[in-house]
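> Pulled the feature table from TrEMBL, pasting it below:
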| type | residues | note |
| --- | --- | --- |
| ACT_SITE | B:Cys144 | active site, nucleophile |
| BINDING | B:Asp37, B:Asn305 | NAD(+) binding site |
| DOMAIN | B:6-144 | domain 'Glyceraldehyde 3-phosphate dehydrogenase NAD(P) binding' |
Number of protein chains: 2
Amino acid sequence: MSGAKVRVAVNGYGVIGKRVADAVALQDDMELVGVADVASDYRIRVAVERGHAVFASDPAAGDEMDAAGISVAGTLDDLLGRVDVVADCAPKKLAAANKDRYQAAGVKGIWQGGEKHELTGYSFCAQVNYTGALNRDFARVVSCNTTALSRTMHALHRRGWVRRARAVLLRRGTDPWESHANGMINTVVPEIRVPSHQGPDAQTVIPDLDITTLAGAGPYNLSHIHFAMVETTRPVSLDELRDALWDEPRVAFVRAADGLVALNSVIELMRDLDRPRGDMWEVAVWEDALASDGREVYLTFQVHNEAIVVPETIDCIRALTGIEPDGAASVAKTDASLGITKTFLPATT
Amino acid sequence: MSGAKVRVAVNGYGVIGKRVADAVALQDDMELVGVADVASDYRIRVAVERGHAVFASDPAAGDEMDAAGISVAGTLDDLLGRVDVVADCAPKKLAAANKDRYQAAGVKGIWQGGEKHELTGYSFCAQVNYTGALNRDFARVVSCNTTALSRTMHALHRRGWVRRARAVLLRRGTDPWESHANGMINTVVPEIRVPSHQGPDAQTVIPDLDITTLAGAGPYNLSHIHFAMVETTRPVSLDELRDALWDEPRVAFVRAADGLVALNSVIELMRDLDRPRGDMWEVAVWEDALASDGREVYLTFQVHNEAIVVPETIDCIRALTGIEPDGAASVAKTDASLGITKTFLPATT
């Protein structure tokens with residue numbers, strides 16, 4: 001397949017799909033053949049505006065798109081006939097049925113973190129386990145929170161530092177464009193399931209990582225926050241911790257001292273930096289909240305749920321199709337195409 | 001002093017002071033001689049309505065109260081001349097100066113958790129260290145979050161179970177009556193200081209408790225939430241954990257299964273139970289979120305910042321004045337007077 005561009009479909013043009021489509025379009029080794037969806041509203045109209053070929057995920061949707069004046073390039077089956085791989089970003093209940101369809105069409109498939117590990121048997125985070133996904137038919141890019149845990153814990157785990165990791169994460173209550181669904185005001189909703197699923201999920205990426213997570217959700221919609229406490233196998237200094245995180249791809253530093261004191265100020269910086277949709281693909285770690293007490297290290301970090309898995313999905317396309325055997329090369333290529341950085345602002349000291 | 005009622009003053013009729021005054025008035029071994037403040041607004045008018053004698057904390061305040069038609073019983077010095085002990089609930093910068101004043105008047109003093117341990121040399125949580133406060137001149141009732149940590153960790157620590165405790169707590173962004181001050185919307189503000197002060201503060205109550213805390217604050221005003229992970233010295237079962245918390249005073253259970261799924265639903269229950277001001281003096285632990293994995297136990301609990309230290313302050317009055325040498329007896333007496341419970345609703349199973 002090397003030499004020719006990989007032909008990519010995105011099925012489901014929602015919060016993740018629309019970002020994946022844009023990111024695919026930026027890659028010089030990929031061709032976005034089209035996006036498929038069932039919607040006829042403003043979201044799919046944006047796909048048309050961006051010049052993406054729009055396909056109808058089912059016949060009824062195609063009729064509605066026609067009626068809404070959206071130019072429909074064909075059905076999902078038509079789209080599947082023209083691509084090598086599909087990034088499935090559809091709502092999660094459809095995943096299993098879609099898998100049969102992709103298999104029948106001889107197309108490789110990538111799902112998002114809402115699906116279970118068992119759907120594909122391979123949970124993917126580029127900088128951790130790219131190689132194992134090479135030339136597989138199917139893989140799952142883990143969820144936003146699991147991706148963040150995988151990246152940050154990998155920085156420590158690959159140095160043999162992690163005896164046991166613990167994290168508490170507070171999820172956003174709803175997504176930015178929603179005004180009611182799952183919305184909440186003036187409260188915190190603790191997750192009753194302990195441990196929460198993110199810990200076990202991170203173990204699908206880093207199998208021997210000893211980690212437990214607790215979770216809750218609060219009345220805000222601009223990303224998640226994690227508080228991690230990592231018991232280390234030996235005393236790890238603050239400088240070692242900072243260096244390990246600096247060496248880890250897609251982990252960036254923010255500082256309260258720069259006025260980046262909260263989730264919303266970091267997102268405002270993404271807007272000021274003219275990031276598409278104000279997206280932050282990196283895990284943002286508060287550098288001035290890093291701590292070590294000789295027994296444990298402490299990390300506080302922000303996860304932009306809408307964006308963090310987008311570069312992972314791009315790398316997963318390269319892994320499944322085998323067009324790039326070197327994970328680090330794929331990560332570097334993706335990062336360059338999107339503008340992923342280690343530090344959003346020049347150092348002032 | 002035994003036999004006669006202890007004569008009590010409350011200096012500072014704010015969020016804590018107004019509740020302490022009401023609670024003192026409920027005790028059959030205490031007499032609320034009066035409350036002192038500098039305000040002339042609705043808050044101090046409520047004190048008048050409740051029949052509390054109102055004193056002016058400084059002369060200018062007295063003039064303003066007069067002008068506002070509030071009947072002023074005298075100055076703070078007048079009040080101090082008539083009492084055995086003062087519960088200082090004034091804003092924290094005034095504490096040191098007040099201490100000199102109380103000392104000069106020969107009056108015992110109790111401060112709140114905003115003050116440093118060093119101000120009084122004794123940090124108080126009734127069920128943990130009542131005896132050590134007996135007949136002291138001064139003590140500090142620790143803060144709401146520290147009180148909650150002291151109660152819950154004491155349940156485990158006194159059984160020798162705690163190897164190391166870790167907690168992440170998310171504070172309310174502002175108080176219910178405030179509309180601007182420190183208000184925040186749509187974000188989480190992580191605390192940059194790691195560990196946060198609550199861990200070390202809990203050690204002023206339980207000196208050999210190994211505990212670390214991380215903190216943040218979110219956009220809600222109905223109490224705080226804690227997520228605690230406690231590494232145990234031996235495997236502690238869920239039943240043991242539940243029993244230990246059941247045996248601990250002022251720790252109550254709530255269940256998501258009863259619809260108490262979040263901070264605001266628990267506060268709504270307090271309102272439905274006709275609690276004064278909707279107060280919850282207990283730490284509310286989510287029973288159905290308790291967990292044990294053989295190495296650690298996990299607790300999620302709610303802290304009503306406005307109310308939790310009120311019973312502690314009542315017990316501290318008894319300890320300093322020595323009218324009740326038995327801490328458990330004082331706790332039981334206070335709990336009966338306020339209606340403190342172990343379970344807000346009858347068990348359904």
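Glycine is no exception: its Cβ is also placed from the backbone N, Cα and C atoms.
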> List the residues of the same chain that sit at least 6 positions away from B:Cys144 (active site, nucleophile) in sequence and have their Cβ under 8 Å from its Cβ, in sequence order, or write 'none'.
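For B:Cys144 (active site, nucleophile), the qualifying residues are B:Gly113, B:His224, B:Val303, B:His304, B:Asn305, B:Glu306, B:Ile308, B:Val309.
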> Could you tell me how many residues in the domain 'Glyceraldehyde 3-phosphate dehydrogenase NAD(P) binding' (B:6-144) are helical, how many are strand and how many are coil under DSSP?
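Secondary-structure breakdown of the domain 'Glyceraldehyde 3-phosphate dehydrogenase NAD(P) binding' (B:6-144): 58 helix, 33 strand, 48 coil.
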> With an 8 Å cut-off on Cβ-Cβ distance and a minimum sequence separation of at least 6, pull the same-chain contacts of B:Asp37 (NAD(+) binding site), or say none.
B:Asn11, B:Gly12, B:Tyr13, B:Gly14, B:Gly17, B:Arg43, B:Ile44, B:Ala47, B:Val54, B:Ala56, B:Ser57, B:Ala61
> Using DSSP, would you call B:Asn305 (NAD(+) binding site) helix, strand or coil?
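Looking at the DSSP assignment, B:Asn305 (NAD(+) binding site) belongs to neither helix nor strand, so coil.
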> Let me know how many other Cβ atoms fall within 10 Å of the Cβ of B:Asn305 (NAD(+) binding site).
23
